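Q: In case it helps, TrEMBL gives these features for our protein:
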DOMAIN    174-297  domain 'Integral membrane bound transporter'
TRANSMEM  34-53  transmembrane segment
TRANSMEM  60-77  transmembrane segment
TRANSMEM  107-127  transmembrane segment
TRANSMEM  161-181  transmembrane segment
TRANSMEM  209-227  transmembrane segment
TRANSMEM  257-278  transmembrane segment
TRANSMEM  284-303  transmembrane segment
Amino acid sequence: MLGLSSGHSGFLWASIGAFLAAQADPLHRFGMLRMLLLTLLGACSAGLGFWSAPGPLESLLVFAAGGLLLAWLQRFGREAGKLGLGMLVCLCLGQGQQRLGSMPNPYAVATLFTLGGLWATLLAFSLRGLHGLRLWPYMPRLPSVLKVLRRHALRLPQPQWRLYALGCALVCGLAGLLVNLSGQPRGYWLTLAVVASLQIDLKGRLPRALKIVLVVLLATGLLVLLGHGLQNPAQMVALVLPLVLLNRAFQVGRYSLYVLQMGFCILLLAESLAQDWQLSRERLIGSLIGALLALLVALSLHIRRRLRGWRASRTDTDALPR
């Protein structure tokens, strides 16, 4: 609302920071810690994405590191994967918003993002007080937490995970480079489509990957239709507010649905003040390219699984008595 009345897009960063911090449940044992981590790491990621936008090499390296970090955090379970997702989403928005020229430097972006996150954190402290809980909950010992995370990571087969992590790094780096070289003013449509489609599946099941890509493309198409049909920032803001409220009230627990839910609301917030919906085709093309890039990761895992099966069957055939 402040961004709509003042015409300054800096308030968008504060709203995105508050929205991302509000993804954590303050009544949960780790809720306040996760809220602060989302705020601080998200601010750093948004500033880093803003800083890397002018240079192709910087975009390539920063996004490759972001993809590798996402794959690494996904090893440790759903909540760690959500933390990595939030950081990479902020990285995408920082790079895409730099082309619009609305913010002077990455420090301003990080500061406004942090202010929004801290405002949500302050409300969370008040909510804990209303429920009669400690303002800062008791935390388990760090070695115990690390032991649980390590046990969770060891469940994944290492060779397949290394291939998945390499694919995430290459695809995210390539997406960041494409946005930089193409010069799109809202390149986060491409990079966010990549991030939303990168969901860990070490079995390389192509039908599941195709289903995720189709859902991502349908969600972006729906958002483009909404924006192109309204073409009015006031109406977009009026639409965004109840949708964001419903998103937080009915937050899903499953990681794949959470990614789509969060990505859709983040795009709504980022595009709520947009007045260039005549570029709808560029938005859709960017989303299509991003989804196809993410599909390459699932394809590489699928090919590896087929090759392993072919080699195993050939070994069994050679071992038969002649």
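Using N, Cα and C of the backbone, Cβ positions are placed for all residues, glycine too.
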Q: Mind checking which residues of the chain, 6+ beyond the ends of the transmembrane segment (60-77), have their Cβ under 8 Å from one of its Cβ atoms?
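A: Contacts of the transmembrane segment (60-77) (Cβ under 8 Å, skipping residues fewer than 6 from its ends): 45, 48-49, 52, 83-85, 87-88, 91, 95, 149, 152-153, 156, 161, 164-165, 168-177, 180, 191, 195, 198, 200.
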Q: Quick check: do the transmembrane segment (209-227) and the transmembrane segment (161-181) share at least 3 Cβ pairs under 8 Å, counting only pairs 6+ apart in sequence?
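A: No, the transmembrane segment (209-227) does not contact the transmembrane segment (161-181).
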Q: Would you list the DSSP helix, strand and coil counts for the residues of the domain 'Integral membrane bound transporter' (174-297)?
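A: Taking each residue of the domain 'Integral membrane bound transporter' (174-297) in turn, the totals are 99 helix, 0 strand, 25 coil.
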Q: Within the same chain, where does the transmembrane segment (34-53) have neighbours whose Cβ lies under 8 angstroms from its own Cβ atoms, ignoring anything closer than 6 residues to its ends? I mean 6 or more beyond.
A: 13, 16-17, 20-24, 26, 28, 59, 61-63, 66, 79, 83, 86-88, 90-99, 103, 105-107, 109-111, 113-114, 117-118, 120-121, 124, 176, 180
